[in-house]
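Quick look at what TrEMBL annotates:
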DOMAIN    10-124  domain 'Response regulatory'
MOD_RES   Asp59  4-aspartylphosphate
DOMAIN    135-232  domain 'OmpR/PhoB-type'
DNA_BIND  135-232  DNA-binding region
Amino acid sequence: MRRPDGSPVRVLVVDDESTLAELLSMALRYEGWEVRSAEDGLSAVRIARDFRPDAVVLDVMLPDINGLEVLRRLRGESPDVPVLFLTARDSVEDRITGLTAGGDDYVTKPFSLEEVVARLRGLMRRAARSELRSSAQLVIGDLVMDEDSHEVRRDGELITLTAKEFELLRYLMRNPRRVLSKAQILDRVWNYDFGGQANVVELYVSYLRKKIDAGRAPMIHTLRGAGYVLRPGE
């Protein structure tokens, strides 16, 4: 599971039980996610401001401010970040309080690490689908595509593309860091209707490179015998 630019998703773990926080962090890193942790609410708010997490695992009972107050402050800066509450309390009233305050899900202690991972995956998938519906932009590194206006910019500079170049780039940007074969590209972009030109993919990739990569760190890469892949310029 990755961010739209291909980097690992970021999760903030907030729990004053250091052993539990470390176990959770290890389980999440095993998924390939980037993890930061905090043992109190004020530290969590400070870390979140710089870390910009894609999801937060938040204990309700913390030594300084409680989890509900942490949630309120987090949502003040990142209104859509999914929050999974952890708590030793299992009453219906406590669950309702957490969810009413804006928490997205609720897990009671003791819990299995697999359950937390599964619930986080579900929360982030829902958040990603919601973001996709509300935004017409694709962003990979400094490359930005507006699917509504059909504008493409790299490092702020407007790049003019033909209709077919735009479709090819959109397919690459919707699959960052994924190797796409010539057959996949022909099927998706041309529907195999390419006028008999067997080298149409190579031609259009070269056209895109001249416009997207010219004078910049390359983003479009060829893997011989495999296909093409789009990665953020390094």
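Including glycine, each Cβ sits where the backbone N, Cα and C put it.
Note that TrEMBL annotation is computational and uncurated.
Mean per-residue pLDDT, taken over the DNA-binding region (135-232), amounts to 87. Summarised by DSSP class, the composition of the domain 'OmpR/PhoB-type' (135-232) is 33 helix, 24 strand, 41 coil.
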